[in-house]
Amino acid sequence: MEPTEETVTDEALMASAAAGDRKAFGTLTRRHLRRSIALAQRVVGNAADAEEVAQDAFLQIWANADRWRGDGTRFTTWLYRIVVNRAIDYKRRRSFAPLDDAGEIADPAWSAETVIDGIRIGAAVDAAIAALPERQRAALSLCYHEEMTCAEASEILQVSVSAMESLLVRARRVVRARLQPLIRQKDGARS
Amino acid sequence: MTLKEFKRYAAAYGADLDRWPRSTRVDALTLLDDSAEARDLLADAAVTDTLLDAASTPLVSSRREAQVYARIADCLSQRVVPEFVPWFLSRPPFRPAPLAGFLAGMAVIGFLSYSQGLVTFEKTSTPNLSGVMIVSYLGDVR
């Protein structure tokens, strides 16, 4: 029985795309575009740049489709590696972004009522994550928010598993330290 | 598993043991049963997890996804006819095989042309160097 568009694997579609099949590439793009945009947005921090990163990543994949070897590598590993690398490059190039683009910094003077406001806590957490170095942010996004295993994420970032763990430890520690005033206030409000 | 290793895993993966490497989970549970300090470490990691859970999730609407897809399709349709790039100007990696073939072909054509008499090399007459000598002489006098 022939596999349908829904059942055909990413790797088979990529092999067809490598042979110049635009339809197969279109199917692959539709399948992974949304998650790629979301991943890019976690790294670059805003929607417009994330769209550009995802677009560039897919065009790069098409341009280099003939380099796809399919030697056991998962297509998604290759795709997310390109997305993350482009997002990191993009973020570095835009490191001097206008002040208006910067996230809101957690204000330690918030009242207890404000602290329990989930939206504001979310904004503070977003700002703390946005202030992380790119690779730490990417590590956190892949392992925590995209729920990949450390091994998968380390393949995407092209580091060893122990280096990936170090990135995660540092990222979590920094986020925690930046949000410590919120935690203290929340604890104070409880007591 | 030592407490130090437990601390390292909790700091990297958080309080949810399902995120930990599969090989460490049983040892971690055993240590949790035995050590109050391990339980404190996990509770502390849970606080960081709660904070990370509060981060907003990027929302990618179907409309936004369709717009990006359309832009990708647009870019691809503009690239239907690839730019012509001669193989000898092609980008790296350098392609030695076609170059070697080209040079070998030219050598064969050159040899055959010469051996069949299509190309001849006539001796030119010996140049008259008297003028040169005069110039040289004048230069020496000056």
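Each residue, glycine too, has its Cβ placed from N, Cα and C.
Since the structure is predicted, the reported quantities are computational estimates derived from the model, not experimental observations.
According to TrEMBL, the features are:
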DOMAIN    A:29-95  domain 'RNA polymerase sigma-70 region 2'
DOMAIN    A:124-173  domain 'RNA polymerase sigma factor 70 region 4 type 2'
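In the domain 'RNA polymerase sigma-70 region 2' (A:29-95), helix, strand and coil residues by DSSP number 55 helix, 0 strand, 12 coil. Mean pLDDT, taken over the domain 'RNA polymerase sigma-70 region 2' (A:29-95), works out to 88 on the 0 to 100 scale.
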